[in-house]
Amino acid sequence: MAAPQVFPLSCAVQHYAWGKMGSSSEVAQLLASSDPAAAISEDKPYAELWMGSHPRGDAKILDDRISQKTLGQWIAENQDCLGSKVKDMFHGKLPFLFKVLSVETALSIQAHPNKELAEKLHLQAPQHYPDANHKPEMAVALTSFQGLCGFRPVEEILTFLTKVPEFQFLIGDKAATQLKQSMGGDSRSMASALQSCFSHLMKSEKKVVVEQLNLLVKRISQQVAAGNNMEDIYGELLLQLHQQYPGDIGCFAIYFLNLLTLKPGEAMFLEANVPHAYLKGDCVECMACSDNTVRAGLTPKFIDVPTLCEMLSYTPSKDRLFLPARSQEDPYLYIYDPPVPDFTVMKMQVPGSVAEYNVLAVDSASILLVVQGRVTASTPTAQTPIPLQRGGVLFIGANERVSLKLAVPSDLLLFRACCLL
């Protein structure tokens, strides 16, 4: 009998300190809903759900007919499940890691190296850069989701330099003037001036950063106490970040980077070398399989300032939203297809009036997550239907046809990660 190609997974949870606590976390809610035996600790953060075969969180297979315990082990022995193109291009490995994130406090401001730089950094400092792969990422909001992403237009940064003297002090007059003069020039001189400003900030002495930040926090706090609105310099956000990371240089990064608030279903794509930070909310995230991160602030961890300042993409851009395409073949399917080969994310919103929904067959292994609704999944090769409810995760081998019967007539929200080459 052929090995099953479609089966449910039990996925790893990461309890990072920045995650939402207990049952307030989307990750905890998905876990509790999909596994009645799961006990949620209210005093523990539930930060990330990992759906994939990454060695630090390899999913367990929930199918008695399969001898391998984890998805990584099973794929290693059944590489054809990846699809022939994916198998060849990614050397028999699943090329993506699919996640749900529940963010309570800000994650570090960071960027991920491109492949060429990742190889170099991994050779030079494997203790900080554990692999030689790039790490493009995409986040699709499940709830209102706030993040920083890419450099703002230069005119906005200049406005902050005028309105926030503490920010201007750290950048210095020379770099600020250079940025002002680059306006209206070519993109190269603008990028160079922006790099100079950002490098000045990042290379500031810790003592000076703390002094200026304390001055700014005091000034904003006094204004807020007097009933004044400080939103023109993101007063509330600055106080929030300072409370989470006192004296951290990353607090000033809000004046360099675009602040995005995504509505559910909206996405941001973070290509190599783009500085970003997730601040608050819940999202589905997909990324290439890598752990390489170059940090810039809002972190107690190692900050590699020279590498960071050298590698960043200093292209200012206002519009960082990544829009999905609506499928031509399926009215309920939205496809978020970034300009990298490693992954594509699909969102399926199926109304409760539809009794049965056929999942599009693709020439790639994929992982399906139920965010809302209850279904039973059946395939031509499966002996019995697989029941799935909120939080349920299904592995689907390449080119497998899966049909979902809605168990109750309520709307269905599904996300799926795959690799469309």
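Each residue, glycine too, has its Cβ placed from N, Cα and C.
Heads up, TrEMBL stuff is auto-annotated, nobody curated it.
Long-range Cβ proximity for Arg295 (active site), meaning a same-chain Cβ under 8 A and a gap of 6 or more residues, is found for Ser108, Ile109, Gln110, Lys301, Phe302, Ile303, Asp304, Leu308. Sequence annotations record features per position, and here TrEMBL assigns active site to Arg295.
The feature Zn(2+) binding site is assigned by TrEMBL to Gln110, His112, Glu137, His276. With a cut-off of 8 Å between CB atoms and residues at least 6 apart in sequence, the same chain places His112, Phe269, Leu270, Glu285, Cys286, Met287, Ala288 near Glu137 (Zn(2+) binding site), listed in sequence order.
Annotated domain 'Phosphomannose isomerase type I catalytic' per TrEMBL: 6-154, in sequence order.
Helix, strand and coil content of the domain 'Phosphomannose isomerase type I helical insertion' (170-257), in residues and according to DSSP, is 68 helix, 1 strand, 19 coil. Among the features that TrEMBL reports, domain 'Phosphomannose isomerase type I helical insertion' is placed at 170-257.
Residues annotated as domain 'Phosphomannose isomerase type I C-terminal' in TrEMBL: 335-379. DSSP places the residues of the domain 'Phosphomannose isomerase type I C-terminal' (335-379) in helix, strand and coil in these numbers: 0 helix, 24 strand, 21 coil.
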Same-chain residue ranges lying at least 6 outside the domain 'Phosphomannose isomerase type I C-terminal' (335-379) that approach it to Cβ under 8 Å: 5-6, 9, 30, 34, 51-52, 75, 81-86, 89-90, 94-96, 98, 100, 134, 136, 138, 140, 142, 265, 267, 269, 271, 284, 286-289, 322, 324-327, 329, 385-421
Cβ-centroid neighbourhood (8 Å) of the Zn(2+) site, Gln110, His112, Glu137, His276 excluded: Ala111, Lys135, Leu270, Val274, Pro275, Thr293
Winner by Cβ contact number (other Cβ atoms within 10 Å) across the binding-site residues His112, His276: His112
Tally of DSSP helical, extended and coil residues in the domain 'Phosphomannose isomerase type I catalytic' (6-154): 40 helix, 43 strand, 66 coil
